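Here is the structure we will look at.
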Amino acid sequence: MKQIFVTATDTDAGKTFVSCALIHALTHHNSASTNETMKVAVFKPISAGCELVDGQLINEDAKLLSEFANCNQSIAHINPIAFEQPIAPHIAAKKLNQQITIADISHHYQQVKSLNADVTLVEGAGGWRLPLGPSPHSPVTLDAKSTFSNHNTETTSDNKKLPYQFLSDFVKGAKLEVILIVNMKLGCLNHALLTYETIKADGLECIAWIANCAASDAMNNLSENISELEKLLPIPKIAQFDFITDVDEAGNNISYHEKINRAANKINLSVLV
């Protein structure tokens with residue numbers, strides 16, 4: 001089973017659009033071992049900005065992921081930790097006197113892994129170093145080679161320092177391969193290189209990157225910036241998505257699913273299958 005974590009250089013970089021396109025491409029690709037349609041499970045451990053529907057918090061991104069994956073997962077199975085306010089998840093949790101823990105995320109992820117899909121795709125939240133809040137224990141060992149980050153701390157009322165935990169600590173513990181979405185805008189060269197270097201410093205393999213034009217206005221010198229990233233990032237670019245084109249196509253009554261289908265056809269799956 002291949003396990004992929006999709007992260008991005010920042011928030012609103014189009015992680016869900018890209019994830020749906022990856023899922024669509026994979027579910028329309030036959031498994032090399034069985035020559036049957038690949039089974040793809042999805043997991044979005046944390047979300048904020050959800051809508052309360054019939055007593056359940058529903059995240060629109062998780063709902064979209066469920067429409068493209070093919071393992072018959074419920075929204076709660078895909079997105080177990082959800083908050084109504086559209087703010088940083090650990091701040092939303094603190095306002096509710098709740099705590100997000102790696103142990104809880106890992107427990108839910110094991111349930112997704114039990115589906116034994118050919119590919120399990122995990123979509124992150126925000127960027128790579130998403131805070132989850134102070135660690136409930138210090139130190140906490142995830143496995144023999146991976147521990148919670150303890151260089152970032154929060155000061156308590158009695159002036160004690162508590163180590164912070166991050167979503168990237170879960171990725172480290174689960175040993176997921178990473179795909180980096182680069183939001184093509186001014187500053188993307190710096191953002192992409194810093195994110196890639198941090199992923200590598202965390203001991204993980206970043207296997208590919210995707211150029212995504214998520215802004216409403218086209219980036220100046222887009223091709224030159226992509227060319228520079230192709231030189232600077234020592235990993236393959238497996239796709240380039242242009243949201244500007246999507247906006248233009250929207251006037252031609254092209255559905256979201258058709259946009260995903262077109263995007264999926266642009267992906268080079270060679271590093272994923």
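Positions of Cβ are set from backbone N, Cα and C atoms, glycine also.
TrEMBL annotations:
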- Asp12, Ala13, Gly14, Lys15, Thr16, Phe17, Asp61, Glu123, Gly124, Ala125, Gly126, Asn212, Cys213: ATP binding site (BINDING)
- Thr16, Asp61, Glu123: Mg(2+) binding site (BINDING)
- Lys44: active site (ACT_SITE)
Taking just the CA atoms, what is the gap between Glu123 (Mg(2+) binding site) and Lys44 (active site) in Å?
5
Given the Mg(2+) site residues Thr16, Asp61, Glu123, which other residues of that chain have a Cβ within 8 Å of the mean position of their Cβ atoms, reported in sequence order?
Lys15, Phe17, Ser19, Cys20, Lys44, Ser47, Asn59, Ala62, Leu64, Leu65
How long is the line from the C-alpha of Asp12 (ATP binding site) to the C-alpha of Lys44 (active site), rounded to the nearest angstrom?
15
For Thr16 (ATP binding site) and Lys44 (active site), determine the Cα separation and express it in whole Å.
10
Length of the line joining the Cα atoms of Cys213 (ATP binding site) and the residue listed as 'active site', in Å:
22
Any idea what DSSP makes of Asp12 (ATP binding site), helix, strand or coil?
coil
Could you state the CA-to-CA distance between Gly126 (ATP binding site) and Lys44 (active site) to the nearest Å?
12
Determine the Cβ neighbour count for Glu123 (Mg(2+) binding site): the number of other Cβ atoms within 10 Å of its Cβ.
27
Taking residues Asp12, Ala13, Gly14, Lys15, Thr16, Phe17, Asp61, Glu123, Gly124, Ala125, Gly126, Asn212, Cys213, which bind ATP in the record, the widest Cα spacing (Å, whole number):
18
With the fewest other Cβ atoms within 10 Å, the residue among the binding-site residues Asp12, Asp61 is Asp12
Do any of Gly14, Asp61, Gly124 (binding-site residues) have a CA within 10 A of Lys44 (active site), and if so which?
Asp61, Gly124
Give me the non-local Cβ neighbours of Gly124 (ATP binding site): same chain, 6+ apart in sequence, Cβ-Cβ under 8 Å, ordered along the sequence.
Phe5, Val6, Thr7, Ala8, Lys15, Leu130, Leu167, Val171
Quiz question: given the binding-site residues Gly14, Gly126, which has the greatest number of C-beta atoms lying within 10 angstroms of its own C-beta?
Gly14
